[in-house]
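Listed in TrEMBL:
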REGION    1-33  region 'Disordered'
TRANSMEM  73-100  transmembrane segment
DOMAIN    78-527  domain 'Major facilitator superfamily (MFS) profile'
TRANSMEM  127-148  transmembrane segment
TRANSMEM  155-173  transmembrane segment
TRANSMEM  217-237  transmembrane segment
TRANSMEM  243-266  transmembrane segment
TRANSMEM  374-394  transmembrane segment
TRANSMEM  403-424  transmembrane segment
TRANSMEM  430-456  transmembrane segment
TRANSMEM  468-486  transmembrane segment
TRANSMEM  506-523  transmembrane segment
Amino acid sequence: MSNNDNLAPRGPHTSDDEEKTASTPPLSTAAHENATPHRTQFFGASEYDQDLALLAEKREQEMSFKRAFMGDLCLIMYSLGYSGTIIMEGYGMALLTYFFSVESFNAKFGVFDTTTGKYELAYKWKALLPLLAQVGAIFGVVLTSFFVKWFGYKHTVLFMLILCAAFGFVPFFANNVVILAIGCLAQGIPWGLFQVASPAYSSEIASLRMRPILTTWNNLCWIIGQLLASAVAYGFHSLQNEWAYRVPFALNWVFIAFLFVAIFVAPESPYWYLQKNRVEDAHKAIKKLVRKGSEERTQEKLALMQHAICHEMKHVADNQTRWQRISAMFRGTDRRRTEITCNTWMIQALCGSSLIGWAPKLFESVGMASDKALAMNIALPCAGIVGTIASWWLMQKMGRRRIFFWGLISMAIVLTVCGSASLATTPESVSAAGAILVVYTAIYDLTIGPICYSIVSDIPSVRLRTETIALARGLYLAANLFNLFLTPKMLGMDSKSWNWGAKTGFLYAGICGLGALYTFYRIPETKDISVRGLSILFNEKVKASKFSATKAAELEKSQGAAASMTSISDNTVSVLDQTVEPKIASPARAASVKNNN
């Protein structure tokens, strides 16, 4: 057991073996109970214990990963229900492009191409089907902040799952490509909401140590969905009838049934309750999230969340309207947060990740047979799964900023090599292009893919998290329109396409280089920094390269000292050479008064 474990106070969830090795924490529970509580106003008549909040924050910062994992086991399980919607979406989105290499799908919805001697879906529909799904997702993203604001994450996601089940009948029974396109547009609406709700919910309920794992898990969910889609498409592609694509569409209903039950039993985000001043409901939600319903841990996490919200509310006016909250994203320190969140997600969209979804067509463009292209495609999600799991360990060592930067540099190099390999016409170059794309996928899912989710979940303020993530995801989807219009044009082999093939790597290599430059100057490190610590760093306008938990603590200490000196100067009254001091709630302030006197 690491030394960090000894910093946690004894609670109902602490085993006897753990207690034997535990030493006195920096601020023990007993010491806290004997000290005068520093009560702070929350909303209305509600109050919270600020010292307890600071104790909880210190506990999370110094807790080992093993202890955090065991303590957060319940909330991890609940988070999986929300992130499971991303698996379903990744599966559905990937099917659209994988079906372009399925002969029965092309025979049903395509036209005969005399150039290739095969049925081929027209270019406009190759672009429009994924495009309409993205347009629907943009509508879903726009609706997210409004729905979540009024109904919370839980009820909003449950309602969208019902819509998703209803819209699934459209592509299943589609008898022409127009009906199929309408189905793609309709299904995109709930998909867009899932893209925002899942990382936002995970970020709000997770402790500091588990936050990067649960947020980057969303990237792994995309990969799992793609893996399932590639396996299903390959497994049914040999059928020479409509069931080759109808059965894969029908499997979406299996996802929905399991996800509905998982989310139904999960609690609402406590942050959502607290922003509605429903403290008792927030207490009940936290009690379901902590291990064994520990009342001690529940009170700590509740105070910590209240403290984080109060710190942010110091810088905003009360009773903001909906549009004032939206405009607040572009004012003050939140403008910088919005910029970083949006650009981080746009970098992920434009760094060449679209090549992964179009891998079968890319393999065919360099001379690989369609059945072998579908088989080779299964290797990409497998490489992505390995990469994402490895990123969890890497984040503990390197943080987010450095991984994101070096990931973009590495991908630029690999994409350049991929483009260069396509210049050769030998059979070996065909295999080389496929192998290089597998390497690219592994690097992407080790770095940019998962780390992006961690950054965009960490950077926004609590009060504007849903709005900021929704805007960023909307811009991500808008940036993806670039991919959806141009990728089929670049990789297509018909007479109306550019037939760039693997040379497309040159374009995305340049974009990766620009993204690395932006990362170096603008994206800060968020490793081991609490929600309140990030607020302090952004409010003090600290440079991206200077962000750290230590820097946040130094700034808070200097702010606290300045506030303490001001308070002492205003409130200390001397009478006949005897100083009468006002009641000091915080032990730290009491010590400061004593030293100054």
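Including glycine, each Cβ sits where the backbone N, Cα and C put it.
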Beyond the flanks of the transmembrane segment (127-148) by at least 6 residues, Cβ under 8 Å: 92-93, 96-97, 156, 159-160, 177, 180-182, 184-197, 200, 272, 322, 326, 466-467, 470, 473-474, 477-478, 480-481, 484-485, 488-489
Result, the transmembrane segment (506-523) in contact with the transmembrane segment (73-100) (3+ CB pairs under 8 Å): no
Paired segments the transmembrane segment (217-237) and the transmembrane segment (403-424) in contact, 3+ CB pairs under 8 A: no
Beyond the flanks of the transmembrane segment (243-266) by 6 or more, those residues with Cβ under 8 Å of it: 78, 80-82, 84-85, 87-88, 91-92, 95, 99, 102, 104-105, 108, 154, 157-158, 161-162, 164-165, 168, 171-172, 229, 232-233, 236-237
